[in-house]
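A quick write-up on the structure given underneath.
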């Protein structure tokens, strides 16, 4: 497993949408390298025959009947919004297209 | 009056409930006594981020009115009606702010109640307020709160544990008889251990997570914080049970917990010492108290056996891959679009991507950022199998270890934390050292099994509380209350009363403060 | 906006072999959302069909809609897929303001349905098999409206507004395997494939299937390779091509554009493209980048869906007849020619004709009315024929009035107009408009006498056995009665009068 470096951290910060200063990137790279090093034994702990556990208590088929429940008013929905206009959440321009 | 109030706040929830039912005291008196205590001491402890006096007293008044009316209105009251409670500020509440200890949610009011809060309201338990925590429950000291650290009532220079340091300290400082915590890797149990209180992490799914702001979904569990084992059992029966809003909620009734806490014997039970969870790396005083408890249980008729869970050596590593992975996804929603803080970039183009980046940079603290970046790394293309995938396999190995251990023992036992409370600031710059605090509590979260921490006495070298952890198989929460209650009663007999009676009196330290605070006390 | 070079389609086809792939998103018409109990309703006031779950508020958890799972299984079965014994949801992590949690709850390596196929019948009857890779469950995003700058375009917008009503609407994404061998019929196949998927989900009743509302949305992948080469070329993904015609045009355009790029010696860029209906062309979107690292992992807040074989068979038993089989059966039962049946299907009146026949009309009568009268009127009114307001009962009643000789065909069309004008039932309209065929022979005989007297030479011819000359007399009578006479009866009476056998 490759060690984590500053460029990795910069890339991860972009993916995670957290702006970071140069100093933060440097510091985080050092800290993460230590942490990653300390957890690397995990990848050698289990063989291919060991199944993964994603839920500690296995359950299956937990469903909801298709029955309408409560809704918010637009006012409730927008009550915590940093910015809103005409009952919609207002956001600055979007750079990326999709 | 002051004496009476001092006495009131020292009662257990069970005793308060009995006094309320017998109408020896009113719910308003009980609630007011705790609000006064908060006013008196919380300037020192900083357990509360928000105090909910008005609503708490209104609920208490409702309880008193129902009792006064008698008949059906009184009979329908829940046993804990009128017993006040504090709620960790990770759990959403209508009518009070919910911050998760983070700047990013400063001033945010949830438009809905968590399921556990609905249950508290249905039981008419006055909610005293919201307690401090490490930001988004990430930490073991409550120092990562954006609103200042909580202090340990045993020594105000020391940490109260974390992330639920606020709930544990509130209960230890007699600001509340009960509190709700959340436990992802030990955030109920480790603060319980270092503050000399009881903390229970129920079986994963025994208590609904709906409305607990998610840290790591497959590990998080809400649970009780109290001063006695019975009180935790009482509270778990209030907040537990199936919730259709939580897909991982169990349908088991979990209605035998209080009864279990009252059984009163452990004769013939097998109690397993986990070889890997004591000894090297554990403080001497912690080890001594642990051994003392073992001896007492043996004297009480339990059989002590040793079990081995060899894969626990991978637990911390697996936890620090799974937890941040889930964190990185769960915390993505805090982006300045729908709720909470929005920060605009200082310069450059004003695009939503940059606003999100600036908001998250300013709104999250270092520990949160560290875990988000670590989790983003563990899930990213090319690393998933080695990190997240492997960690999930380790989970399987640990579950198998526990299965084998529980084939030999009814419950397992270990110290809750390797050390007593450390000094504020001592481990703040060393994330890895901080993470090691949870080495004994994390395995239960990975395996989904219940874990209870109760006071085991004071360490010889520093006179600070030591916690004893009991673990049971999934769904066997009742066993923990049974064994915990017995150990608690033997220890209290030895000490001649509750361990918290030995805690320093905060009141003296606080009288000066109270005299300078208008309306602080009467 | 620069205009991309294109080759003519014919030249592109001479040089290259197209490979297609489709991702079709189907919005289910469940009453509630995929993971919350908020209503799944189109077109309401912004941010009113939401609760805390759809807004991704702190602390919320999803719970799976059982009906949505059943609809997904039905779609899987109708696409001849295998249904996974156990499957999970996964989180697809990416930041976008229309995605409230900044991850989409979807399925990744464990789709609920996989390995299916669909036989697509092209216009000339050729059947082309499209292999289905998978069909998986996920949730829709909210709706962004871009304000300022060029109207409605994301480029140059000052700000955007977000409505989360659509957030959490259940989606099934159907992904094909690479479709090879379509050759020059690729655009036609593209359209026919999307049409077939749309028809299937509509027929299953699991989606409203209105493309104009975004109930069915298509992303079309196109790549070209030189004839004879096995390895696929680099593909483009044209997003949200949201009408059948646009699917055909977009595939055709992309083939022509790719061909021009390849001809120039440049590599095709792997990117998303945007379809523009006005210019019938695509423009470059976002190239694939490292930001496309979606960091999928199993959704920890949801538990696996286990589809027992009993459950699957129960659902299979509820499936309606597949559209293609149904068409085949109806064509045979009705005895229509290939051409007649294709016209009926293309006009969109197959269901209406089926209902009309069920109400008592013959296949020919039903076709005569729907194709002869109603389709034309619907076109004028710009609505679907079935939505014009003609019920099968109206047609049965009209036809009975004609067969009983109460009105003639010409009057019947006037009655139909009356029905559409809301004047009442056919019988009421006949009464009100005084359209009844004159049935009292008295006035009719007078008119016949007059007509015979006016054309004595014709009367003589008929008497002499030239019965075919009778038309002139009938015409005179009809003219005199302003069309209200029953022409058949008139003919009878004339022959009777002249003592000639008919």
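Here the Cβ of each residue, glycine as well, is placed from N, Cα and C on the backbone.
Where the annotation comes from TrEMBL, it is an automatic prediction and has not been curated.
Here is what TrEMBL says about this protein:
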- B:29-480: domain 'Amidase' (DOMAIN)
- B:88: active site, charge relay system (ACT_SITE)
- B:163: active site, charge relay system (ACT_SITE)
- B:187: active site, acyl-ester intermediate (ACT_SITE)
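Sparsest Cβ environment among the active-site residues B:163, B:187 (other Cβ atoms counted within 10 Å): B:163. Counting Cβ atoms from all protein chains shown, residue B:88 (active site, charge relay system) has 31 others lying within 10 Å of its own Cβ. Separating the Cα atoms of residue B:88 (active site, charge relay system) and residue B:187 (active site, acyl-ester intermediate) is a whole-number distance of 11 Å. A separation of roughly 5 Å, to the nearest angstrom, links the Cα atoms of the residue listed as 'active site, acyl-ester intermediate' and residue B:163 (active site, charge relay system). Confidence annotation: the domain 'Amidase' (B:29-480) carries a mean pLDDT of 97 in the model. DSSP gives residue B:187 (active site, acyl-ester intermediate) a coil state; it is part of no helix or strand.
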